[in-house]
Amino acid sequence: MVAYGGNFHQDFDITWGDQKAKIFNGGQILSLSLDKTSGSGFKSKHEYLFGRIDMQLKLVAGNSAGTVTAYYLSSEGPTHDEIDFEFLGNLSGDPYIVHTNVFTQGKGNREQQFYLCFLVDNTPIRVFKNAETIGVPFPKTQPMRIYSSLWNADDWATRGGLVKTDWTKAPFTAYYRNFNVQTCSPRSCTSSSASSISNGAWQGQELDAYSRRRLRWVQKHFMIYNYCTDLKRFPQGIPAECRRSRFL
């Protein structure tokens, strides 16, 4: 599997939003905008199965209530795999909420939410461990594309829909830069940067002791919803993977 990175013209296609999605600065920056008529979105030209993906996002500034900046990976079809990050806008001065979910074989309902009140670069917030031995599918066979979109969701995104989008602040704009991917298949590992991980290294990738401490710190202080502890939602018992690991 070949990896690409570093130029939005080469690596991504604008998928919707007319002129509200733009690539500029020689392909180094991409922006998505939202106004009352439409949002916008893009997807990667290539699919990825194993590896590491880096992207720097500058979320909508100021009063972003009602807006959602979605950034996710997904395969296709009714039994698709998907890894979601949705950044829920909020009133000026209030923190963003990142809404996460994991789909395997078409099944999701694995939501976790966090306040973004910390430095996120290289800080883990969530781990979804392989629990195939107890019957939980793992997203390891379906290559996924990268997708992102900026859209209006003021019926639910901010305080359950109580706070609506202030269209006098439009257009709302999010920016993307420094895309890089190190992608591995079972036979090879290539990289768009010079710092490629070695062949086969993806097979043993896991958090080191420091990263595990950071993960526990984030989940203790900034997690505001965890499906694994929502007993009312699962009266017949929490999902099997929740009983397997505390790092979910």
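Just so you know, glycine gets a Cβ as well, placed from its N, Cα and C.
Because TrEMBL annotations are produced automatically, they should be read as predictions rather than curated entries.
So that you can see what the record holds, here are the features copied from TrEMBL:
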type	residues	note
ACT_SITE	Glu82	active site, nucleophile
ACT_SITE	Glu86	active site, proton donor
DOMAIN	2-176	domain 'GH16'
CARBOHYD	Asn90	N-linked glycosylation site
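Cβ environment of Glu86 (active site, proton donor): Val68, Thr69, Ala70, Tyr71, Tyr72, Val98, His99, Thr100, Asn101 lie under 8 Å away, each six or more residues apart in the same chain. The highest number of surrounding Cβ atoms within 10 Å, among the recorded positions Glu82, Asn90, is found at Asn90. For Glu82 (active site, nucleophile) paired with Asn90 (N-linked glycosylation site), the C-alpha to C-alpha distance reads 25 Å. In the predicted model, residues of the domain 'GH16' (2-176) average a pLDDT of 94.
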